[in-house]
Amino acid sequence: MEEGSCQNSVPGSGFVDKTRIVEAKPLRSLAPVLPKSLQSSLSGRYPSVFPPFVLFEEPQESQPSPAPMPAPIRSYRDPLDEEEAPHGANGETSSPMEGLNGCNVDDGQKRVVLPMNSCKSSQKRSKKTKESPFDLSSSVGGISMAKREDGDREVVNLVLMTYDSLRRRLCQIEDAKELNTTMLIKRADLRASNAMTGKAFRTNMRRRVGAVPGVEIGDIFFLRMEMCLVGLHGQSMSGIDYMTIKDELQEETVALSIVSSGVYDNDAEDNDVLIYSGQGENFNKKDKHVIDQKLQRGNLALDRSSRRHNEVRVIRGLRDAANRNAKIYVYDGLYKIQDSWIERGKSGGGVFKYKFVRLSGQPSAFAVWKSVQKWKMGSSTSSRTGLILADLSTGVESIPVSLVNEVDNEKGPSFFTYFHSLKDPKPFSLLQSSHGCNCNKTCVPGDLSCSCIQRNEGDFPYTANGVLVSRKPLVHECGPLCKCSPNCKNRVSQTGLKHQMEVFKTKDRGWGLRSLDPIRAGTFICEYAGEVIDVAKVNKNRGYDDEYVFDTSRIYDPFKWNYEPSLLEEISSNVSCEDYDIPSPLIISSKKFGNVARYMNHSCSPNVFWQPVLYAENNQSFLHIAFFALRHIPPMTELTYDYGCSSHADHSSAPKGRKKCLCGSSKCRGSFG
């Protein structure tokens, strides 16, 4: 049971419904059932014939055992298991290949442990880190040795963005392998993580109980490796992460974090309670010999944490609506184990159950996801508090855009006509011809005979699931002149909204935009729709007279989003330039005509960026502004981008001058516009 199985069934407060449990027994009340030969061999060594760890066997039907008094798992222990605790049950340790934390050692090697209040990595790992020839502080990313041990928000974001950029690039190469067989990539996520760990491009490598610096409650992860790289959960496969600590004169294992896969979650009313199943060898597997779970490794760590009442990080898994075979993980904060017991699983084996209760005073995370699910399943008029309109787009978008106000009594923003793209766009004259490609059905990555791929420097700009690989001076998409089908994957920005959006009233910045769905980094969000303003008229009038304007001629803070070639030494290709190359300035006003993009507020630390996209229509090329997710964005998180600053020294293009910035970012410039 590599992920802790997580067969959740929440018992009632203060009791266990034994009518729903087959042979439910607390651990200490179960007498060991052993062969007579083993009993005789243990009688001298263990007077009570009670070894440190035993298997639980079902009582014979002919002689049913009477139901004992309830008792927690933690009360079941033998004095000898305290001596063996540093190595886990039966002297075993976790496999060194289970995770990326560097704290698991080979069997037979004793772990070096430290007090809980300073849970550092093992001496062996520390020595390897110090002897590493790769100095990241003077190379890729600039992560210092101190930041590798203890990170912050900026470093965590850097690590996650760098990892995802590598994964996207490897996916791009994998997608093109059918026509280019010189490079065969398997499991881009694992290969990207190997590249990162091989050069110590990680953070929070120091093991710890409790919160992880730079990781915030509500953060989402699309892959287990992402959690490993930022130190949230050290196991890439197992659902229970733990370490050995030394407290006073005692050494024992404690749980650091768990991942609940969510496969067996029920609709518990209390989202702050999690019933977590322990690890077991053949738990719920068909045609396997029934084996009870053992009090060792992760199960032993949970038992010790239950007794010590230490905080445990809980990551909840939810099924990805966009990919039913994948999961999205949300960090739900710190929990403590309140109770534990044993019950029979579907296979008949004994299963450890642990009741986790969330610590109070933490921001909502998993509860937000559950609320969103209820809104989506409920009626449009009663399931959403503060709902004003069920669909602001009045049917223009294939996915409805709700309008919500939970702040005051304002009934909605100023009137405008919802429009999905540009109104009266102006064509651009390019050196390259504007004719479309001649591909049959869809364009194929790696097909250099495709004229659209040629315009994108020989690379298909999107992965197979429609995620932008890299920022480019211009992204050339297929258009109406192309012979490929309308569902070609090189038309990402032309297919409308992919996520359910919500226009909502903010507390101090007017109306804003957020998504009810989680958004993966590089995912298309929307186009900036509106009327194209004539640049000559703007210059003549020394500015424009409305605030709903997007201007490509503004000055925008540079940032790096593309992959770092030095982390993929085996790939001999140059990273694409991230400086935009726009043929001529484009100014768009969404005051009268527009879409949801008009509601995105400014931030000096945005989670969305814009990318110029070009495609041909009516034998002419037209420029569009598409927005993409800069990093993973949790549901109900406001979407923001950098508005930039006027390029005029006297700010004459902005009649009201610079506006005060209220983004609240640690990097806030104080003003924008």
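Heads up, residue numbers simply count up from 1 along the chain you see.
Cβ from N, Cα, C; glycine included.
Predicted automatically and left uncurated, TrEMBL annotations should be read as such.
Just so it is clear, the model here is predicted, and its values are computed rather than measured.
Taken from TrEMBL, the feature domain 'YDG' applies to 210-358. Across the domain 'YDG' (210-358), the model assigns an average pLDDT of 88.
If you look up TrEMBL, you'll see 435-496 marked as domain 'Pre-SET'.
Feature annotation from TrEMBL assigns domain 'SET' to 499-644. Under DSSP, the residues of the domain 'SET' (499-644) split into helix, strand and coil as follows: 13 helix, 55 strand, 78 coil.
The annotation domain 'Post-SET' is assigned in TrEMBL to 657-673.
What TrEMBL lists as region 'Disordered' is 59-107 (among others).
Annotation source TrEMBL lists region 'Disordered' at 118-137 (among others).
Per DSSP, the domain 'Post-SET' (657-673) is made up of 0 helix, 4 strand, 13 coil. In terms of DSSP secondary structure, the domain 'YDG' (210-358) contains 18 helix, 67 strand, 64 coil.
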